[in-house]
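Trainee: Can you keep this structure in mind? I'll have questions shortly.
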Amino acid sequence: MPLLSNLLSRDIPKNFYKFQFQLYSGLFLLGILGFLYLTSPIVSRRTYLSENALSPGLVSSDLYISVEHIRNIMGRLRTGFKNNDIADVIQLMLNENGIEAYKQDIGRNSTDKPEENIYGIVRAPRLASTESIILVAPLYVRTQTKPQQNKANLFGIAHTLAIGFALHRKPYMSKDIILLFPAAQEYGTRVWLDAYYNSNPQASLLDAHAGSIQAGLALEFPYEKFYSIDLRHNGINGQLTNLDLINTVVHLCEKNSIATTFYGVYVELSTNEAFINYIIQSTRTLLLNVFTLATGISNGVHGQFLRYRIEMITIFGSLDKHHEYQNSPVTMRAFDDVIEGFIRSLNNLLERFHQSFFFYLHINRRNFVSIATYMVPLGLIALPALIRSLVIYMSFFTSSSTDSVAMHGRTMKFDAEYSPIFIEIFQCLAFSYVLTWIPLKLSLLGVCLITMLLSPFILRRFRSNVHQFDHFQFITLLIGSALLGCLSLLNFSMALLTACFLMPCYLIAGGIKLDHWFIKFSCRFLFITFLNPLVFLALYHYLAQIIMAGTFVFPDFAQFSNDLDTYFASYHLYNTWTVDVVCLTIVPIWLLLYRSTFGIQF
(Lines of atoms letter the chains of each structure in order from A and count residues from 1; the text may use other names and numbers.)
(Lines give C-alpha, C1' and ligand atoms only; values in the text may rest on other atoms or scores of the structure.)
Protein backbone atom coordinates (compact mmCIF):
# COMPACT_ATOMS: atom_id res chain seq x y z
CA MET A 1 0.00 0.00 0.00
CA PRO A 2 2.78 2.57 0.69
CA LEU A 3 4.16 1.80 -2.77
CA LEU A 4 0.74 2.38 -4.38
CA SER A 5 0.22 5.58 -2.42
CA ASN A 6 3.63 6.84 -3.47
CA LEU A 7 2.81 5.96 -7.08
CA LEU A 8 -0.51 7.78 -7.03
CA SER A 9 1.05 10.86 -5.51
CA ARG A 10 3.12 11.44 -8.62
CA ASP A 11 2.04 12.57 -12.05
CA ILE A 12 2.50 10.39 -15.12
CA PRO A 13 5.56 11.41 -17.16
CA LYS A 14 4.41 13.37 -20.19
CA ASN A 15 6.77 11.43 -22.47
CA PHE A 16 4.81 8.27 -21.64
CA TYR A 17 1.73 9.52 -23.53
CA LYS A 18 3.83 9.91 -26.69
CA PHE A 19 4.82 6.25 -26.73
CA GLN A 20 1.87 4.49 -25.11
CA PHE A 21 0.41 3.38 -28.46
CA GLN A 22 3.75 1.79 -29.37
CA LEU A 23 3.92 0.18 -25.93
CA TYR A 24 0.45 -1.36 -26.10
CA SER A 25 0.91 -2.57 -29.67
CA GLY A 26 4.34 -3.98 -28.86
CA LEU A 27 3.08 -5.94 -25.87
CA PHE A 28 0.19 -7.33 -27.92
CA LEU A 29 2.45 -8.46 -30.77
CA LEU A 30 5.02 -9.80 -28.31
CA GLY A 31 2.32 -11.95 -26.72
CA ILE A 32 1.25 -13.34 -30.12
CA LEU A 33 4.84 -14.15 -31.06
CA GLY A 34 5.46 -15.61 -27.61
CA PHE A 35 2.53 -17.95 -28.05
CA LEU A 36 3.85 -19.17 -31.40
CA TYR A 37 7.29 -19.60 -29.82
CA LEU A 38 5.83 -22.25 -27.51
CA THR A 39 6.51 -24.81 -30.24
CA SER A 40 10.26 -24.30 -29.82
CA PRO A 41 12.13 -27.26 -28.24
CA ILE A 42 13.65 -24.74 -25.84
CA VAL A 43 10.24 -23.95 -24.31
CA SER A 44 8.24 -27.17 -24.68
CA ARG A 45 8.76 -30.12 -22.36
CA ARG A 46 9.23 -33.81 -23.04
CA THR A 47 6.36 -36.07 -21.98
CA TYR A 48 6.90 -38.67 -19.28
CA LEU A 49 4.94 -41.00 -17.00
CA SER A 50 4.49 -39.52 -13.54
CA GLU A 51 2.66 -42.60 -12.24
CA ASN A 52 5.11 -45.53 -12.04
CA ALA A 53 2.25 -47.99 -11.56
CA LEU A 54 1.36 -47.56 -15.24
CA SER A 55 4.66 -49.02 -16.43
CA PRO A 56 4.07 -52.79 -15.95
CA GLY A 57 1.35 -52.81 -18.59
CA LEU A 58 3.87 -51.58 -21.14
CA VAL A 59 6.13 -54.62 -20.85
CA SER A 60 4.56 -57.74 -22.33
CA SER A 61 1.24 -59.09 -23.60
CA ASP A 62 -0.55 -62.14 -22.31
CA LEU A 63 -3.64 -62.41 -24.51
CA TYR A 64 -3.89 -63.95 -27.92
CA ILE A 65 -6.96 -63.17 -29.99
CA SER A 66 -7.04 -64.87 -33.37
CA VAL A 67 -8.03 -63.01 -36.52
CA GLU A 68 -10.67 -65.67 -37.23
CA HIS A 69 -12.28 -64.99 -33.86
CA ILE A 70 -12.47 -61.25 -34.61
CA ARG A 71 -13.91 -61.88 -38.07
CA ASN A 72 -16.53 -64.22 -36.63
CA ILE A 73 -17.63 -61.53 -34.17
CA MET A 74 -17.72 -58.90 -36.91
CA GLY A 75 -19.83 -61.20 -39.10
CA ARG A 76 -22.45 -61.58 -36.38
CA LEU A 77 -22.39 -57.84 -35.73
CA ARG A 78 -22.82 -57.07 -39.43
CA THR A 79 -25.90 -59.30 -39.49
CA GLY A 80 -27.27 -57.53 -36.42
CA PHE A 81 -26.88 -54.10 -38.01
CA LYS A 82 -28.52 -55.34 -41.19
CA ASN A 83 -31.52 -56.79 -39.31
CA ASN A 84 -31.77 -53.78 -36.92
CA ASP A 85 -31.40 -56.00 -33.85
CA ILE A 86 -27.81 -55.15 -32.95
CA ALA A 87 -28.69 -54.67 -29.26
CA ASP A 88 -30.04 -58.21 -29.01
CA VAL A 89 -27.01 -59.63 -30.84
CA ILE A 90 -24.50 -57.92 -28.52
CA GLN A 91 -26.43 -58.95 -25.40
CA LEU A 92 -26.61 -62.55 -26.62
CA MET A 93 -22.86 -62.66 -27.32
CA LEU A 94 -22.07 -61.31 -23.85
CA ASN A 95 -24.34 -63.84 -22.16
CA GLU A 96 -22.86 -66.71 -24.19
CA ASN A 97 -19.44 -65.89 -22.78
CA GLY A 98 -20.58 -65.67 -19.16
CA ILE A 99 -20.63 -61.88 -18.92
CA GLU A 100 -23.47 -59.94 -17.33
CA ALA A 101 -25.35 -58.02 -20.03
CA TYR A 102 -28.09 -55.40 -19.66
CA LYS A 103 -30.01 -52.87 -21.71
CA GLN A 104 -31.05 -49.30 -21.02
CA ASP A 105 -33.84 -47.51 -22.86
CA ILE A 106 -32.82 -43.98 -23.88
CA GLY A 107 -35.94 -42.98 -25.83
CA ARG A 108 -36.77 -42.75 -29.50
CA ASN A 109 -34.69 -41.44 -32.37
CA SER A 110 -35.70 -39.18 -35.29
CA THR A 111 -37.43 -42.13 -37.04
CA ASP A 112 -39.53 -42.84 -33.93
CA LYS A 113 -37.71 -46.11 -33.23
CA PRO A 114 -36.69 -46.97 -29.66
CA GLU A 115 -32.97 -46.87 -28.95
CA GLU A 116 -31.15 -48.82 -26.27
CA ASN A 117 -27.74 -48.73 -24.66
CA ILE A 118 -26.11 -52.11 -24.10
CA TYR A 119 -23.57 -52.68 -21.36
CA GLY A 120 -21.84 -55.66 -19.85
CA ILE A 121 -19.78 -56.07 -16.69
CA VAL A 122 -16.73 -58.34 -16.47
CA ARG A 123 -16.41 -58.93 -12.75
CA ALA A 124 -12.95 -59.05 -11.20
CA PRO A 125 -12.41 -62.60 -9.91
CA ARG A 126 -10.18 -61.75 -6.95
CA LEU A 127 -11.62 -58.62 -5.33
CA ALA A 128 -14.97 -57.03 -4.59
CA SER A 129 -16.44 -54.59 -7.11
CA THR A 130 -14.93 -51.43 -5.66
CA GLU A 131 -13.18 -50.07 -8.76
CA SER A 132 -13.66 -50.50 -12.49
CA ILE A 133 -12.31 -49.69 -15.93
CA ILE A 134 -14.61 -48.87 -18.83
CA LEU A 135 -14.34 -49.55 -22.56
CA VAL A 136 -16.80 -47.63 -24.74
CA ALA A 137 -17.65 -48.52 -28.34
CA PRO A 138 -20.54 -46.45 -29.78
CA LEU A 139 -22.79 -48.34 -32.16
CA TYR A 140 -22.39 -45.63 -34.80
CA VAL A 141 -19.50 -43.20 -35.26
CA ARG A 142 -18.75 -40.28 -37.57
CA THR A 143 -16.60 -40.96 -40.61
CA GLN A 144 -13.30 -39.21 -41.27
CA THR A 145 -14.08 -37.81 -44.72
CA LYS A 146 -17.67 -36.75 -43.99
CA PRO A 147 -18.15 -35.88 -40.30
CA GLN A 148 -21.90 -35.48 -40.76
CA GLN A 149 -22.21 -39.10 -41.94
CA ASN A 150 -22.47 -41.95 -39.41
CA LYS A 151 -21.24 -45.47 -39.95
CA ALA A 152 -21.44 -48.69 -37.95
CA ASN A 153 -18.54 -49.10 -35.53
CA LEU A 154 -17.93 -52.75 -36.44
CA PHE A 155 -14.20 -52.83 -35.74
CA GLY A 156 -14.45 -51.02 -32.40
CA ILE A 157 -17.36 -53.11 -31.10
CA ALA A 158 -15.75 -56.40 -32.20
CA HIS A 159 -12.45 -55.69 -30.46
CA THR A 160 -14.19 -54.42 -27.32
CA LEU A 161 -16.13 -57.68 -27.12
CA ALA A 162 -13.03 -59.78 -27.90
CA ILE A 163 -10.98 -58.08 -25.17
CA GLY A 164 -13.82 -58.54 -22.69
CA PHE A 165 -14.12 -62.24 -23.56
CA ALA A 166 -10.36 -62.75 -23.24
CA LEU A 167 -10.02 -60.98 -19.89
CA HIS A 168 -12.99 -62.79 -18.38
CA ARG A 169 -11.79 -64.81 -15.35
CA LYS A 170 -8.17 -63.73 -15.72
CA PRO A 171 -6.70 -64.11 -12.23
CA TYR A 172 -4.65 -60.90 -12.29
CA MET A 173 -7.63 -58.59 -12.87
CA SER A 174 -8.33 -56.54 -9.73
CA LYS A 175 -10.85 -54.14 -11.28
CA ASP A 176 -14.17 -54.73 -13.00
CA ILE A 177 -14.35 -54.02 -16.72
CA ILE A 178 -17.46 -52.26 -18.03
CA LEU A 179 -18.22 -52.75 -21.71
CA LEU A 180 -20.54 -49.95 -22.86
CA PHE A 181 -22.15 -49.72 -26.31
CA PRO A 182 -24.13 -46.44 -26.45
CA ALA A 183 -26.75 -46.14 -29.17
CA ALA A 184 -26.67 -42.38 -29.74
CA GLN A 185 -23.00 -41.54 -29.24
CA GLU A 186 -22.66 -38.58 -26.82
CA TYR A 187 -26.33 -38.47 -25.89
CA GLY A 188 -26.56 -42.18 -25.13
CA THR A 189 -23.35 -41.98 -23.10
CA ARG A 190 -24.67 -39.09 -21.04
CA VAL A 191 -27.95 -40.88 -20.32
CA TRP A 192 -26.04 -43.94 -19.13
CA LEU A 193 -23.71 -41.89 -16.91
CA ASP A 194 -26.62 -39.95 -15.39
CA ALA A 195 -28.25 -43.27 -14.48
CA TYR A 196 -24.99 -44.81 -13.23
CA TYR A 197 -24.28 -41.92 -10.86
CA ASN A 198 -27.96 -41.15 -10.22
CA SER A 199 -27.36 -37.49 -11.09
CA ASN A 200 -30.58 -37.08 -13.08
CA PRO A 201 -33.86 -37.96 -11.31
CA GLN A 202 -35.56 -38.48 -14.68
CA ALA A 203 -33.05 -41.09 -15.87
CA SER A 204 -34.12 -44.72 -15.64
CA LEU A 205 -32.27 -46.83 -13.09
CA LEU A 206 -29.68 -49.35 -14.25
CA ASP A 207 -30.12 -53.04 -13.56
CA ALA A 208 -26.55 -53.49 -12.30
CA HIS A 209 -23.53 -51.44 -11.26
CA ALA A 210 -19.81 -52.07 -11.10
CA GLY A 211 -17.19 -50.34 -8.97
CA SER A 212 -16.21 -46.70 -9.07
CA ILE A 213 -15.02 -45.94 -12.61
CA GLN A 214 -11.36 -44.89 -12.52
CA ALA A 215 -10.56 -44.38 -16.21
CA GLY A 216 -11.34 -45.78 -19.62
CA LEU A 217 -10.98 -45.75 -23.37
CA ALA A 218 -13.41 -45.08 -26.21
CA LEU A 219 -12.99 -46.87 -29.55
CA GLU A 220 -14.28 -45.22 -32.73
CA PHE A 221 -13.40 -47.10 -35.93
CA PRO A 222 -15.67 -46.42 -38.90
CA TYR A 223 -13.32 -48.39 -41.18
CA GLU A 224 -12.18 -51.97 -40.83
CA LYS A 225 -8.74 -51.04 -42.18
CA PHE A 226 -6.83 -48.04 -40.85
CA TYR A 227 -3.22 -46.86 -40.96
CA SER A 228 -2.87 -44.65 -37.88
CA ILE A 229 -4.66 -43.70 -34.67
CA ASP A 230 -5.88 -40.19 -33.90
CA LEU A 231 -5.96 -39.43 -30.18
CA ARG A 232 -8.88 -37.24 -29.13
CA HIS A 233 -8.90 -35.79 -25.64
CA ASN A 234 -10.85 -32.49 -25.76
CA GLY A 235 -13.55 -32.38 -23.11
CA ILE A 236 -16.60 -30.21 -22.57
CA ASN A 237 -15.90 -26.57 -21.66
CA GLY A 238 -12.17 -26.97 -22.16
CA GLN A 239 -11.62 -29.91 -19.80
CA LEU A 240 -8.64 -32.14 -20.52
CA THR A 241 -7.71 -35.71 -19.68
CA ASN A 242 -4.83 -36.36 -17.30
CA LEU A 243 -1.62 -36.31 -19.31
CA ASP A 244 -0.45 -39.67 -17.92
CA LEU A 245 -3.35 -41.45 -19.58
CA ILE A 246 -2.49 -40.02 -22.99
CA ASN A 247 1.20 -40.80 -22.55
CA THR A 248 0.33 -44.42 -21.74
CA VAL A 249 -1.54 -44.83 -25.03
CA VAL A 250 1.27 -43.12 -26.97
CA HIS A 251 3.87 -45.46 -25.40
CA LEU A 252 1.79 -48.51 -26.25
CA CYS A 253 1.19 -47.39 -29.84
CA GLU A 254 4.87 -46.69 -30.42
CA LYS A 255 5.77 -50.05 -28.91
CA ASN A 256 3.52 -51.70 -31.51
CA SER A 257 4.70 -49.43 -34.38
CA ILE A 258 1.37 -47.60 -34.73
CA ALA A 259 1.54 -43.96 -35.82
CA THR A 260 -0.37 -41.60 -33.54
CA THR A 261 -1.63 -38.10 -34.28
CA PHE A 262 -3.42 -35.21 -32.58
CA TYR A 263 -6.15 -33.50 -34.65
CA GLY A 264 -4.99 -35.52 -37.65
CA VAL A 265 -1.54 -33.86 -37.67
CA TYR A 266 1.50 -36.15 -37.59
CA VAL A 267 4.83 -34.70 -36.42
CA GLU A 268 7.95 -36.59 -37.48
CA LEU A 269 10.34 -36.69 -34.51
CA SER A 270 13.32 -38.40 -36.14
CA THR A 271 16.58 -36.51 -36.50
CA ASN A 272 16.40 -36.92 -40.28
CA GLU A 273 13.38 -34.61 -40.49
CA ALA A 274 14.03 -30.96 -41.38
CA PHE A 275 13.67 -28.63 -38.41
CA ILE A 276 11.37 -26.25 -40.31
CA ASN A 277 8.93 -29.10 -40.98
CA TYR A 278 8.94 -29.96 -37.28
CA ILE A 279 8.11 -26.35 -36.37
CA ILE A 280 5.33 -26.08 -38.99
CA GLN A 281 3.59 -29.31 -37.96
CA SER A 282 4.01 -28.56 -34.24
CA THR A 283 2.51 -25.09 -34.78
CA ARG A 284 -0.45 -26.65 -36.58
CA THR A 285 -1.01 -29.00 -33.65
CA LEU A 286 -0.78 -26.16 -31.15
CA LEU A 287 -3.19 -23.91 -33.05
CA LEU A 288 -5.71 -26.71 -33.60
CA ASN A 289 -5.46 -27.51 -29.91
CA VAL A 290 -6.43 -23.93 -29.05
CA PHE A 291 -9.07 -23.52 -31.77
CA THR A 292 -10.92 -26.73 -30.87
CA LEU A 293 -10.74 -26.29 -27.09
CA ALA A 294 -12.10 -22.74 -27.36
CA THR A 295 -15.45 -24.00 -28.65
CA GLY A 296 -16.11 -25.94 -25.45
CA ILE A 297 -17.29 -28.97 -27.46
CA SER A 298 -15.88 -32.44 -26.96
CA ASN A 299 -14.57 -34.32 -30.00
CA GLY A 300 -15.72 -37.73 -28.76
CA VAL A 301 -17.84 -39.59 -26.22
CA HIS A 302 -15.01 -39.30 -23.69
CA GLY A 303 -16.07 -35.72 -22.97
CA GLN A 304 -19.14 -36.94 -21.08
CA PHE A 305 -16.92 -38.92 -18.70
CA LEU A 306 -14.67 -35.96 -17.92
CA ARG A 307 -17.70 -34.23 -16.37
CA TYR A 308 -17.52 -36.90 -13.65
CA ARG A 309 -13.70 -36.66 -13.42
CA ILE A 310 -13.26 -40.05 -15.12
CA GLU A 311 -10.05 -39.91 -17.12
CA MET A 312 -10.91 -40.90 -20.67
CA ILE A 313 -9.74 -40.48 -24.27
CA THR A 314 -11.02 -41.59 -27.66
CA ILE A 315 -8.89 -43.42 -30.20
CA PHE A 316 -10.05 -43.00 -33.80
CA GLY A 317 -8.95 -45.21 -36.69
CA SER A 318 -7.58 -42.89 -39.37
CA LEU A 319 -7.03 -43.57 -43.06
CA ASP A 320 -4.01 -41.25 -43.24
CA LYS A 321 -0.60 -42.77 -44.00
CA HIS A 322 2.34 -41.02 -42.38
CA HIS A 323 5.25 -43.03 -43.71
CA GLU A 324 6.30 -43.55 -47.31
CA TYR A 325 6.94 -47.23 -46.72
CA GLN A 326 3.59 -47.83 -44.98
CA ASN A 327 1.58 -49.92 -47.41
CA SER A 328 -0.29 -52.26 -45.07
CA PRO A 329 -2.87 -51.25 -42.45
CA VAL A 330 -2.48 -51.68 -38.71
CA THR A 331 -2.68 -55.36 -37.79
CA MET A 332 -5.32 -56.67 -35.42
CA ARG A 333 -2.60 -58.20 -33.23
CA ALA A 334 -0.86 -54.86 -32.73
CA PHE A 335 -4.13 -53.11 -31.97
CA ASP A 336 -5.21 -55.75 -29.44
CA ASP A 337 -1.83 -55.42 -27.70
CA VAL A 338 -2.49 -51.68 -27.27
CA ILE A 339 -5.91 -52.29 -25.68
CA GLU A 340 -4.59 -55.08 -23.45
CA GLY A 341 -1.61 -53.03 -22.31
CA PHE A 342 -3.88 -50.08 -21.55
CA ILE A 343 -6.22 -52.16 -19.39
CA ARG A 344 -3.41 -53.91 -17.55
CA SER A 345 -1.68 -50.58 -16.87
CA LEU A 346 -4.88 -49.18 -15.35
CA ASN A 347 -5.35 -52.43 -13.45
CA ASN A 348 -2.16 -51.68 -11.49
CA LEU A 349 -3.31 -48.28 -10.27
CA LEU A 350 -4.04 -47.99 -6.57
CA GLU A 351 -5.52 -44.48 -6.75
CA ARG A 352 -7.01 -42.07 -9.22
CA PHE A 353 -4.91 -40.08 -11.67
CA HIS A 354 -3.54 -37.06 -9.86
CA GLN A 355 0.22 -36.78 -10.35
CA SER A 356 0.47 -35.53 -13.92
CA PHE A 357 -0.91 -32.40 -15.62
CA PHE A 358 -4.54 -31.49 -16.14
CA PHE A 359 -3.75 -28.13 -17.83
CA TYR A 360 -1.52 -28.41 -20.86
CA LEU A 361 -1.26 -27.84 -24.60
CA HIS A 362 0.08 -30.50 -26.94
CA ILE A 363 2.87 -29.65 -29.37
CA ASN A 364 3.12 -33.22 -30.64
CA ARG A 365 2.81 -36.70 -29.21
CA ARG A 366 6.10 -36.35 -27.29
CA ASN A 367 6.14 -32.66 -26.32
CA PHE A 368 3.73 -30.45 -24.42
CA VAL A 369 3.51 -27.03 -22.76
CA SER A 370 2.32 -26.73 -19.17
CA ILE A 371 0.10 -24.02 -17.70
CA ALA A 372 3.07 -22.23 -16.12
CA THR A 373 4.50 -21.60 -19.59
CA TYR A 374 1.51 -20.83 -21.81
CA MET A 375 0.03 -18.33 -19.35
CA VAL A 376 2.89 -15.91 -20.03
CA PRO A 377 1.87 -15.04 -23.65
CA LEU A 378 -1.73 -14.52 -22.55
CA GLY A 379 -0.52 -12.17 -19.81
CA LEU A 380 1.46 -10.14 -22.35
CA ILE A 381 -1.56 -9.88 -24.66
CA ALA A 382 -3.85 -8.72 -21.83
CA LEU A 383 -1.25 -6.49 -20.16
CA PRO A 384 -2.09 -3.36 -22.24
CA ALA A 385 -5.57 -3.29 -20.74
CA LEU A 386 -4.16 -3.37 -17.20
CA ILE A 387 -1.53 -0.72 -17.93
CA ARG A 388 -4.07 1.55 -19.60
CA SER A 389 -6.52 1.18 -16.71
CA LEU A 390 -3.73 2.04 -14.25
CA VAL A 391 -2.76 5.10 -16.29
CA ILE A 392 -6.35 6.32 -16.38
CA TYR A 393 -6.75 5.67 -12.65
CA MET A 394 -3.60 7.64 -11.86
CA SER A 395 -4.86 10.50 -14.00
CA PHE A 396 -7.84 10.86 -11.64
CA PHE A 397 -5.57 12.09 -8.83
CA THR A 398 -3.20 14.98 -8.44
CA SER A 399 -0.35 15.72 -6.09
CA SER A 400 -1.58 19.25 -5.44
CA SER A 401 -4.83 20.21 -3.77
CA THR A 402 -5.74 22.97 -6.22
CA ASP A 403 -9.26 22.58 -7.70
CA SER A 404 -9.56 19.06 -6.38
CA VAL A 405 -12.04 17.04 -4.41
CA ALA A 406 -10.78 15.26 -1.29
CA MET A 407 -11.68 11.61 -1.25
CA HIS A 408 -10.51 8.90 1.20
CA GLY A 409 -7.34 10.75 2.12
CA ARG A 410 -6.40 11.40 -1.52
CA THR A 411 -7.22 14.26 -3.87
CA MET A 412 -9.19 13.84 -7.10
CA LYS A 413 -9.01 16.29 -9.97
CA PHE A 414 -12.78 16.20 -10.54
CA ASP A 415 -16.03 14.70 -9.33
CA ALA A 416 -17.73 12.27 -11.73
CA GLU A 417 -21.37 11.26 -12.14
CA TYR A 418 -21.53 7.44 -12.31
CA SER A 419 -25.24 6.90 -13.00
CA PRO A 420 -24.99 7.37 -16.82
CA ILE A 421 -22.09 4.90 -16.94
CA PHE A 422 -23.95 2.18 -15.08
CA ILE A 423 -27.13 2.80 -17.07
CA GLU A 424 -25.11 2.26 -20.25
CA ILE A 425 -23.59 -0.97 -18.87
CA PHE A 426 -27.01 -2.23 -17.79
CA GLN A 427 -28.50 -1.50 -21.22
CA CYS A 428 -25.80 -3.49 -23.00
CA LEU A 429 -26.09 -6.40 -20.56
CA ALA A 430 -29.86 -6.56 -20.92
CA PHE A 431 -29.55 -6.27 -24.67
CA SER A 432 -27.10 -9.19 -24.80
CA TYR A 433 -29.06 -11.32 -22.33
CA VAL A 434 -31.98 -11.45 -24.78
CA LEU A 435 -29.71 -13.15 -27.33
CA THR A 436 -29.31 -16.24 -25.11
CA TRP A 437 -33.04 -16.96 -25.38
CA ILE A 438 -33.11 -17.19 -29.18
CA PRO A 439 -33.19 -20.91 -30.03
CA LEU A 440 -32.65 -21.00 -33.80
CA LYS A 441 -29.26 -20.53 -35.43
CA LEU A 442 -30.37 -18.31 -38.32
CA SER A 443 -32.59 -16.25 -36.06
CA LEU A 444 -29.73 -15.81 -33.61
CA LEU A 445 -27.23 -14.65 -36.24
CA GLY A 446 -29.77 -12.36 -37.89
CA VAL A 447 -30.97 -10.78 -34.67
CA CYS A 448 -27.38 -10.42 -33.43
CA LEU A 449 -26.31 -8.62 -36.57
CA ILE A 450 -29.32 -6.29 -36.65
CA THR A 451 -29.36 -5.45 -32.97
CA MET A 452 -25.63 -4.89 -32.66
CA LEU A 453 -25.58 -2.48 -35.60
CA LEU A 454 -28.78 -0.65 -34.67
CA SER A 455 -28.23 -0.53 -30.90
CA PRO A 456 -26.78 3.02 -30.97
CA PHE A 457 -30.05 4.21 -32.53
CA ILE A 458 -32.44 2.03 -30.49
CA LEU A 459 -31.00 2.59 -27.03
CA ARG A 460 -30.32 5.86 -25.31
CA ARG A 461 -27.01 7.44 -26.31
CA PHE A 462 -24.26 7.76 -23.77
CA ARG A 463 -23.76 11.43 -22.82
CA SER A 464 -20.59 12.37 -21.00
CA ASN A 465 -17.89 14.93 -20.56
CA VAL A 466 -14.20 14.21 -20.95
CA HIS A 467 -13.76 13.18 -17.31
CA GLN A 468 -16.81 10.93 -17.35
CA PHE A 469 -15.53 9.23 -20.49
CA ASP A 470 -12.26 8.46 -18.69
CA HIS A 471 -14.24 6.75 -15.93
CA PHE A 472 -16.21 4.86 -18.55
CA GLN A 473 -12.99 3.64 -20.19
CA PHE A 474 -11.54 2.69 -16.81
CA ILE A 475 -14.56 0.55 -15.90
CA THR A 476 -14.69 -1.23 -19.28
CA LEU A 477 -10.96 -1.99 -19.08
CA LEU A 478 -11.39 -3.48 -15.62
CA ILE A 479 -14.34 -5.58 -16.78
CA GLY A 480 -12.33 -6.95 -19.70
CA SER A 481 -9.27 -7.66 -17.55
CA ALA A 482 -11.37 -9.46 -14.93
CA LEU A 483 -13.07 -11.50 -17.67
CA LEU A 484 -9.74 -12.61 -19.14
CA GLY A 485 -8.36 -13.43 -15.72
CA CYS A 486 -11.30 -15.64 -14.76
CA LEU A 487 -11.64 -17.21 -18.20
CA SER A 488 -7.95 -18.11 -18.39
CA LEU A 489 -8.36 -20.44 -15.40
CA LEU A 490 -11.44 -22.14 -16.85
CA ASN A 491 -10.65 -22.34 -20.55
CA PHE A 492 -7.31 -20.88 -21.60
CA SER A 493 -8.01 -21.31 -25.31
CA MET A 494 -11.21 -19.26 -25.13
CA ALA A 495 -9.42 -16.62 -23.05
CA LEU A 496 -6.63 -16.36 -25.64
CA LEU A 497 -9.04 -15.86 -28.56
CA THR A 498 -11.11 -13.42 -26.49
CA ALA A 499 -8.00 -11.38 -25.71
CA CYS A 500 -7.02 -11.33 -29.40
CA PHE A 501 -10.49 -9.94 -30.18
CA LEU A 502 -10.94 -7.45 -27.32
CA MET A 503 -7.51 -5.81 -27.26
CA PRO A 504 -7.86 -4.27 -30.76
CA CYS A 505 -11.38 -3.15 -29.80
CA TYR A 506 -10.00 -1.33 -26.76
CA LEU A 507 -7.29 0.22 -28.90
CA ILE A 508 -9.75 1.55 -31.48
CA ALA A 509 -12.26 2.73 -28.88
CA GLY A 510 -9.53 4.70 -27.11
CA GLY A 511 -9.22 6.96 -30.15
CA ILE A 512 -12.77 8.25 -29.66
CA LYS A 513 -11.44 10.73 -27.13
CA LEU A 514 -10.11 12.69 -30.10
CA ASP A 515 -13.45 14.34 -30.84
CA HIS A 516 -13.33 14.54 -34.64
CA TRP A 517 -16.00 13.36 -37.08
CA PHE A 518 -13.57 11.47 -39.36
CA ILE A 519 -12.02 9.57 -36.45
CA LYS A 520 -15.43 8.59 -35.12
CA PHE A 521 -16.61 7.49 -38.55
CA SER A 522 -13.45 5.40 -39.07
CA CYS A 523 -13.83 3.73 -35.67
CA ARG A 524 -17.48 2.90 -36.38
CA PHE A 525 -16.52 1.39 -39.73
CA LEU A 526 -13.86 -0.79 -38.10
CA PHE A 527 -16.27 -1.98 -35.41
CA ILE A 528 -18.91 -2.90 -38.00
CA THR A 529 -16.52 -4.72 -40.33
CA PHE A 530 -13.22 -6.08 -39.03
CA LEU A 531 -13.98 -5.98 -35.29
CA ASN A 532 -17.49 -7.38 -35.53
CA PRO A 533 -17.99 -10.54 -33.37
CA LEU A 534 -19.71 -12.36 -36.25
CA VAL A 535 -16.88 -11.50 -38.64
CA PHE A 536 -14.37 -12.69 -36.06
CA LEU A 537 -16.34 -15.94 -35.67
CA ALA A 538 -16.33 -16.55 -39.43
CA LEU A 539 -12.62 -15.73 -39.64
CA TYR A 540 -11.86 -18.07 -36.75
CA HIS A 541 -13.74 -20.92 -38.47
CA TYR A 542 -11.97 -20.26 -41.77
CA LEU A 543 -8.52 -20.22 -40.16
CA ALA A 544 -9.31 -23.48 -38.38
CA GLN A 545 -10.25 -25.07 -41.70
CA ILE A 546 -7.01 -23.89 -43.33
CA ILE A 547 -4.84 -25.15 -40.46
CA MET A 548 -6.65 -28.48 -40.36
CA ALA A 549 -6.28 -28.98 -44.12
CA GLY A 550 -2.66 -27.85 -44.10
CA THR A 551 -3.17 -25.95 -47.35
CA PHE A 552 -5.22 -23.10 -48.78
CA VAL A 553 -8.94 -23.82 -49.02
CA PHE A 554 -11.87 -21.71 -50.13
CA PRO A 555 -14.45 -20.70 -47.51
CA ASP A 556 -17.11 -23.36 -47.13
CA PHE A 557 -20.31 -21.73 -45.89
CA ALA A 558 -22.14 -25.08 -45.82
CA GLN A 559 -19.51 -26.46 -43.45
CA PHE A 560 -19.74 -23.29 -41.37
CA SER A 561 -23.51 -23.74 -41.10
CA ASN A 562 -23.17 -27.44 -40.18
CA ASP A 563 -20.60 -26.65 -37.50
CA LEU A 564 -22.90 -24.03 -36.03
CA ASP A 565 -25.72 -26.58 -35.98
CA THR A 566 -23.47 -29.02 -34.13
CA TYR A 567 -22.42 -26.38 -31.67
CA PHE A 568 -25.91 -25.17 -30.82
CA ALA A 569 -27.05 -28.78 -30.38
CA SER A 570 -24.17 -29.31 -27.93
CA TYR A 571 -25.05 -26.10 -26.13
CA HIS A 572 -28.61 -27.24 -25.44
CA LEU A 573 -27.85 -30.93 -24.77
CA TYR A 574 -24.52 -30.98 -22.94
CA ASN A 575 -24.53 -27.70 -20.98
CA THR A 576 -21.60 -26.04 -22.69
CA TRP A 577 -21.35 -22.50 -21.40
CA THR A 578 -19.52 -20.88 -24.32
CA VAL A 579 -22.69 -19.20 -25.63
CA ASP A 580 -23.38 -17.79 -22.16
CA VAL A 581 -19.84 -16.41 -21.90
CA VAL A 582 -20.03 -14.84 -25.35
CA CYS A 583 -23.53 -13.34 -24.94
CA LEU A 584 -23.16 -12.17 -21.34
CA THR A 585 -19.56 -10.91 -21.30
CA ILE A 586 -17.85 -10.56 -24.68
CA VAL A 587 -20.80 -9.09 -26.64
CA PRO A 588 -21.69 -6.56 -23.88
CA ILE A 589 -18.09 -5.32 -23.78
CA TRP A 590 -18.07 -5.03 -27.56
CA LEU A 591 -21.39 -3.17 -27.46
CA LEU A 592 -20.05 -0.76 -24.84
CA LEU A 593 -17.00 0.03 -26.94
CA TYR A 594 -18.98 0.22 -30.19
CA ARG A 595 -21.67 2.48 -28.72
CA SER A 596 -19.00 4.75 -27.25
CA THR A 597 -18.24 5.86 -30.84
CA PHE A 598 -21.78 7.32 -30.95
CA GLY A 599 -21.48 8.99 -27.57
CA ILE A 600 -22.21 12.68 -27.17
CA GLN A 601 -19.55 14.67 -25.34
CA PHE A 602 -20.16 18.07 -23.81
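From the backbone N, Cα and C atoms, a Cβ is placed for every residue, glycine too.
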Trainee: Which range, 420-438, 496-514, does TrEMBL list as transmembrane segment?
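Mentor: My reading of TrEMBL: the transmembrane segment range is 496-514.
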Trainee: Between 374-397, 471-490, 526-554, 574-594, who has the most Cβ pairs under 8 Å to the transmembrane segment (21-38)?
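Mentor: Result: 374-397.
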Trainee: Which sequence-distant residues neighbour the transmembrane segment (574-594)? Criterion: at least 6 residues beyond either end, Cβ under 8 Å.
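Mentor: That would be 186, 190, 236-237, 294-298, 303-304, 424-425, 428-429, 431-433, 435-436, 448, 452, 455-456, 472, 476, 479-480, 483, 487, 494, 498, 501-502, 505-506, 508-509, 524, 527, 531, 533, 567-568.
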